[in-house]
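The structure appears below as structure tokens.
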Amino acid sequence: MDKLQKTLEEWKQMLDPEQYNVCRLKGTERPFSGKYDKVKTDGIYHCICCDEPLFDSTTKFDSGCGWPSFYAPLENSAVIEVRDMSHGMIRTEVVCAKCDAHLGHVFPDGPPPTGLRYCINSVCLDLVPRS
């Protein structure tokens, strides 16, 4: 996969302020505030920055954490997991493999079959419904 590279200024022109803060500056939207937290529409969730397909709605579940949660990415190659030691915690950050957008974090407390919970900011996603 070819990486999509832009300067921070280019991203700032392309994204709204909240998208820029979360996707490029590694911010986090408030829990239960994102538009996809409770959505059950069948489709594919794409990266808001580069339109790369990231998650399938069939792997989405209600974790109760306030952010959309998935037990697996669409393809393992769609995301990259990075050790995150910010805020006095050790976590695993999830970024888009194509454009390095910060998406959220993955935790080992999800349902079968993976036991993982990809906790993703709604503002980083664009849901494309299946026809």
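These residue numbers are counts, starting from 1, taken along the chain as shown.
A Cβ is built for glycine as well, from the same backbone N, Cα and C atoms used for every other residue.
Same-chain residues at least 6 positions away in sequence with a Cβ under 8 Å from that of C119 (active site, nucleophile) are, in sequence order, S63, C65, W67, P68, S69, G104, H105, V106, F107. The active site, nucleophile annotation in Swiss-Prot covers C119 and rests on sequence analysis.
When Cβ atoms from all protein chains are considered, those within 10 Å of C50 (Zn(2+) binding site) total 17, not counting its own. The DSSP secondary structure for C50 (Zn(2+) binding site) is coil. Annotated Zn(2+) binding site per Swiss-Prot: C47, C50, C96, C99, in sequence order, evidence recorded as sequence analysis.
As annotated by Swiss-Prot, domain 'MsrB' applies to 8-130, with the evidence given as sequence analysis.
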DSSP three-state assignment for C119 (active site, nucleophile): strand
The domain 'MsrB' (8-130): DSSP-derived helix, strand, coil residue counts: 26 helix, 40 strand, 57 coil
